[in-house]
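K.L.:
As listed in TrEMBL for this protein:
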TRANSMEM  B:15-36  transmembrane segment
TRANSMEM  B:65-83  transmembrane segment
TRANSMEM  B:90-107  transmembrane segment
TRANSMEM  B:113-136  transmembrane segment
TRANSMEM  B:145-163  transmembrane segment
TRANSMEM  B:196-213  transmembrane segment
TRANSMEM  B:280-310  transmembrane segment
TRANSMEM  B:322-341  transmembrane segment
Amino acid sequence: MEIVEILFTASFWAAAIRIASPLIFATLGEVICERAGVLNLGIEGIMVAGAFAGWMAVYSGTGLWVGVGVAMFVGMCFGLLHSTLTVPFGLSQHVVGLGVTLLATSSTYYAYRLALPEVTSPPKIEAFQPFEIPLLHKIPLIGEALFSQTPLTYLAFALVVIVSFVLYRTPLGLAVRAAGENPNAVAAQGLSVTAIRMSAVIVGSGLMAVGGAFLTMSAFDSFFFEMVNGRGWICIALVVFGSWRPGKALLGAVLFAAFDALQIRVQQTSFGAVVPYQIFLMMPYILSILALVIISRRAAVPAALMVPFNKGER
Amino acid sequence: MRLEPITDPSLARKLGFPFVALCATFISASLLAMIAGANPFSVLYLILKGAFGSSFAILETLNRATPLIFTGLAVAVAFRAKFWNIGAEAQLYVGALMTVLLGTGVLPWPSAVLLPVLALTAILAGAVLLLIPALLKTRFGVDEVVTTLLFNFIFLLFISMLLEGPLKDPMGMGWPKSARLIDEARLPRIFDGLRLHWGFGLAIISAVLIWLIQTRSTLGYEMRAVGLNRQAAAFAGIPVNRVLLQTALLSGGLAALAGFSEVAGVKASLTLDLSPGYGYTGIIVAMLALLNPLGVVVAALFVAGIFVGADSMSRAADVPTYLADMMLAIALLLMVLAIMLTRFRIVRD
């Protein structure tokens with residue numbers, strides 16, 4: 001079987017890890033927001049803004065890591081906007097999120113047209129190059145897949161560990177999780193639910209933007225319209241799939257990415273010649289919905305997700 | 001700070017904040033135009049002129065508003081019951097698909113019979129499509145935001161598959177495009193020789209009907225109660241799940257009419273660019289209308305005006321057309337803030 005052969009090639013798994021990286025950043029960002037009780041549907045637009053901001057910074061002469069910082073900062077600004085409207089003012093998180101997505105996407109395209117008028121093929125930058133981790137990259141299959149990636153991929157995996165540690169092993173993480181489970185208890189401790197939720201959304205949005213920047217600064221070396229292409233929405237599903245846990249979300253992202261990498265390769269086999277390519281493209285979305293159906297029954301949804309907190313009101 | 005509900009907001013408060021929100025939208029649009037190096041006043045003037053400045057412009061705006069009224073109503077109906085239908089785009093396409101399936105010659109009937117049949121099958125298909133996420137929600141508790149959103153992607157790929165396969169027009173010069181509707185399946189023009197078609201009339205009638213349902217019927221009352229507080233509604237004996245399913249049927253059917261009206265009234269065939277995101281823009285329309293069905297008509301005209309006006313402004317003043325989308329995003333965010341401020345007072349403590 002051609003499909004089974006594909007599963008045993010290192011290049012397939014390397015591609016899967018590469019495709020998973022932006023999803024990991026953005027899903028972690030969304031996990032942080034939702035753990036604190038805020039659904040952030042601005043994710044798709046924030047990724048677009050991050051993709052453009054990081055790339056534009058590098059194109060105008062900053063270093064690559066400064067570009068990542070710029071992307072993160074832009075994402076945090078949109079996080080500030082989202083959280084100001086949804087947390088102290090308690091506006092509908094669905095509507096504000098979609099508004100932020102539209103604003104971030106359109107202002108990015110607007111800025112792109114102003115910065116580069118009349119450009120048909122966007123200029124390229126010197127993107128992050130793969131960095132082979134000494135010794136480890138020589139392990140067959142796993143080495144090439146995991147340890148010959150760009151630095152941003154290593155950062156994504158490191159962040160899964162860091163975010164897990166902070167969420168489950170520190171007082172700060174406890175406060176964030178409590179803000180999403182039982183905000184009244186947080187307030188009773190003398191902590192500000194508003195401050196915790198807003199900070200979580202701002203930090204989370206920063207990570208989403210870095211996920212977007214991965215596309216322009218690591219996966220490709222240029223910015224295109226529609227390049228985020230629904231990845232943000234997939235991350236929303238990945239958060240549910242991962243039961244709001246960073247580790248499981250990582251697993252979900254890699255599985256999803258593996259499927260994506262597989263469909264590209266299967267299209268070129270004899271099997272792909274018979275089945276329309278749209279079927280393969282549909283599969284990740286259909287699987288996401290099936291996963292939601294299976295997981296929703298026992299999902300650990302943060303109890304106060306999407307419930308605005310107004311001090312003095314029970 | 002803390003929010004304190006206002007039990008009886010004054011009329012000045014109810015109208016004042018939304019008005020300020022709209023003014024602020026226009027001011028920010030002018031500032032954005034300035035960044036692009038254009039004269040902010042002339043940009044606003046050009047947008048207005050492009051949208052409402054001539055009878056041609058007005059008809060173009062009415063035409064563009066038609067699908068937005070349908071999708072805006074679809075979203076308003078659903079959001080009123082706090083059923084978050086983000087999938088109007090997919091429902092629009094399923095409506096268009098039914099119109100093309102039955103309107104290209106399979107049913108050789110006269111217009112008076114064929115058009116209602118097409119509209120009804122479109123409504124049915126849209127309703128069924130939204131029923132799936134609604135059932136997933138009531139049966140398994142799956143969040144409808146994610147499912148309706150993902151359905152948009154799935155359904156567009158499905159349409160793309162059909163257009164490159166069984167539905168592909170052999171006369172289409174290789175483009176992924178369906179065959180054309182027969183003449184009997186085309187919506188007639190309202191005025192001879194002008195582009196405005198009866199889809200617009202149908203949209204207005206739908207808005208009035210939905211308004212009547214919401215204000216005069218038991219279903220309207222139940223939908224409102226479910227939206228205000230699901231637990232309280234269940235406690236009061238309202239069958240919450242049944243109301244949610246009925247809401248979904250109504251919402252999906254309305255969104256599908258947008259697809260029917262665009263195909264039968266304007267395009268005559270199905271392509272993948274039938275809708276430039278009318279399903280998503282419907283959310284903005286519904287929010288600007290404060291979820292009021294009659295307000296949806298006004299809001300759709302406003303939004304369509306910005307799109308049509310910004311197109312012609314962009315050519316004249318050399319400002320990127322994305323200004324229109326930015327204006328709508330700003331209007332949306334400021335409007336939800338304004339609605340909140342009409343109902344709550346900010347108290348410092």
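The chain as shown is numbered from 1 upward.
Any Cβ shown, glycine's included, is placed from N, Cα and C.
I'm curious about the neighbourhood of these features; can you describe it?
P.N.:
The list of residues near the transmembrane segment (B:15-36) in space but at least 6 beyond its ends in sequence, with Cβ under 8 angstroms from a Cβ of it, reads 43-44, 290, 317-320, 323, 326-327, 330-331, 334-335, 337-339, 341-342.
Note on the transmembrane segment (B:113-136): residues 83, 85, 87, 90-92, 94-99, 102-103, 107, 142, 144, 147-148, 151, 155, 184-185, 187, 202, 244-245, 247-257, 259-260, 264 of its chain, located 6 or more positions outside it, place their CB under 8 angstroms from a CB of the stretch.
Within its own chain, the transmembrane segment (B:196-213) has Cβ neighbours under 8 Å at 59, 62-63, 65-67, 69-70, 73, 76-77, 119, 187-190, 219-220, 250, 254, 257, 260-262, 264-266, 292-294, 296-297, counting only residues six or more beyond its boundaries.
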K.L.:
What residues in the same chain, six or more past the boundaries of the transmembrane segment (B:65-83), come closer than 8 Å to it by Cβ-Cβ distance?
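P.N.:
The answer is 91-92, 134, 137, 144, 197, 199-200, 203-204, 206-207, 210, 214, 223-224, 226-227, 230, 243-244, 247-248, 250-255, 257-259, 261-262, 265, 275, 278-279, 281-283, 285-287, 289, 291-293, 296-297, 299-301, 303-305.
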K.L.:
Same chain, outside the transmembrane segment (B:145-163) by at least 6, Cβ under 8 Å from its Cβ: which residues?
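P.N.:
Distant Cβ neighbours of the transmembrane segment (B:145-163) are 84-87, 89-90, 93-94, 97, 129-130, 132-133, 136-137, 176-178, 270-272, 279.
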